[in-house]
Amino acid sequence: MAPGEEKSLGGSKKRKRESFSTAKGGGGPKSKGATKPHMKGSEKPLKRASEKSIKPGHGAAAADVGGEKKKKKEPKTPRERRLAAKEMSESRKRKRKPNYDLERDLALLWEKMRCYNISKEERSKFVTQALQKMNGKFLEIAGSHVSARVLQTCIKYCSQSERDSIFDALRPHFLTLIRKKYAVHLVKKLLDTATKKQLEWFISSLHGHVASLLRHTVGSAVVEHVFHLANGCQKQSLLMEMYSTELQLFKDLTVANTGRLVDIISKLGLQKSSVLQHMTLTIQPLLEKGIVDYSIVHTALIEYFTIADKSSATDVIQQLIPLLVQGSSVSDESEPLTAPDLSKKNKSKRKRSAEPLLVRMMHSRDGLKLGILCIKHGTAKERKKIVKGMKGHIRKLAFDQYGSLLLICILSIVDDTKLVTKIVIQELQKMLKELVLDKNGRRLLLQLLHPQCPRYLSPDDLACLNYDVPSLALQESQSGHEFSFMSFNGEESQECSDNKADTSNHNKNAEECEKTTQLPVGSKKDPSLRRHELLVDSALAESLFETCIANVGQLLRSNFGKEVIYEVAVGGSEGALQSLSDKTDALHEAIASLAAVPKPKNPKRSMFSRTSILAGPSENLSSTALTSLPLYGKQLYKGSATYGPKGTALR
């Protein structure tokens, strides 16, 4: 390339840089001898910045006119910035929410009406104002996060006429509101305050939608809530839709026929196979979604087992067992429990389901029956998982009416006594005194001291412990295995309960009752050996003796503690505590020393006088002292001063 051409190329690059800096408003130094840049498509050269008589930097200001406008709108102080941000957010909310201004006004009224230090007149005034603002917009407000809560508070404090007007306004839209996340709480509040006619109308409006609502994550809670509020006939009408297609389509059949499923099939002449198929299609999605912690589902499953064949019942039980430990640490043993590996969704699920399903099911008798069935017909490995899943929840179950019966079932069936001792027995040892004095907790200790005694367990409780699926029970009886905890009739239980006055007769009948105790399903270990390992080898018996000796007076005066101290003092049934003769003698001495306390001359009479006064020597016990003793305590105390070898005076 020629040197002249190189010079011209260098000059053109230099001119381009100058033109770019001028357009940008730089006003930088210009090279001498640089030619004027020409405009594209025009022969007229561009004027320089000096010819325009514009000061350096003025071009930049002209180019950024829009920027100056923005700077004028931008707030300078922090307060102005906050106000500007608030205005912007409110403008966006108005565009997104058509009832934004109404919701804001309702929120202000809500803060006033829900205060505790406000008078009824002022609260009713605020409630009336809020309802006037919401009039005609109840459906839109019911689905809102904030305003739905305002409407719930209004329903709580408003008059019955205002409540009826709200119910009538939302009446055509209940099936839609049931499936909404926030409106479902409003529907529950309306049902809690509804009249009998309104509740009856609501239950009738659910006809044909019960099965589909139970599969819905939000709607299932409303069906369960209605099931608790309904009476017997209304509950049966809700359940019968899950039994058959005919009962779901024809409403008159559900009203005319009530009772057990087997009786309904025989009355209406329904085909058992079609009913079983329909119930399987209804129950299967509930099991797949894990919606098993509702009372209506428990009752439906129990009715299903009454007509299910062997394979169908086994399949349902096998699907139930993995769900029982859902929510516990055992359910996810294969997955690491470290926080970084868990997603936010899994963390929230863990918080919501802090308790395993088995614990949540113990609020109904049918839920207890399902739990007992799963323990009876589960394998040894599945039973271990169930017991491990109960870790940390033993206290809650022990003091619960149905949870204590579930623990009795575990103590009577599970052969892995080391695991049961680690999870259950060691937890019970920490609260022995509370258990002895509690109505439900004492039954666990009495089960180990005197198993399946009708004196301590009611016929309904024994029926729950003996419950089994008819098809599976028939299979066990044909194969030669016993499946019931105890086979007893009304005469035997009446005999055992009527023998409270005579110890010798009681012992004979107790032996007869014990002979009828049978080995539960799937249990291979001898019941007496299992009982010895749980009671004696686990050191539970020693702790029980120490508790009875330390609190002998309190236990004898209590209605529930006297039964436990009696069984401990006599050594349990079949001589279960014979190996702890020293502890037994110490307990006898403590009882005798308490009975030998002299009677006060002028005792103060009170409402507790019959059970709070122990007086006189052991040979001359007063009638008030005898009322505070356990069953058959008269013979126990009369022989306490001169008892001979181990327990001879007690027997």
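Each residue, glycine too, has its Cβ placed from N, Cα and C.
TrEMBL entries are annotated by machine, without manual review.
Per TrEMBL, compositional bias 'Basic and acidic residues' is recorded for 40-54, 75-91, 497-515. TrEMBL lists 111-452 with the feature domain 'PUM-HD'. Summarising the annotation, TrEMBL assigns region 'Disordered' to 1-98, 331-354, 494-525. Sequence annotations record features per position, and here TrEMBL assigns repeat 'Pumilio' to 133-168, 169-204.
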Quick test of the contact rule: Cβ under 8 Å, at least six residues beyond the ends. What residues does that give for the repeat 'Pumilio' (169-204)?
138-139, 142-145, 148-149, 151-152, 155-156, 163, 213, 216, 218-219, 221-222, 225-226, 229-230, 234, 237-238, 251
Spatial neighbours of the compositional bias 'Basic and acidic residues' (75-91) far in sequence, C-beta under 8 Å, 6+ residues away:
100
Averaged over the repeat 'Pumilio' (169-204), what pLDDT does the prediction give?
93
Across the compositional bias 'Basic and acidic residues' (75-91), what are the DSSP residue counts per state (helix, strand, coil)?
14 helix, 0 strand, 3 coil
Would you list the DSSP helix, strand and coil counts for the residues of the repeat 'Pumilio' (133-168)?
27 helix, 0 strand, 9 coil
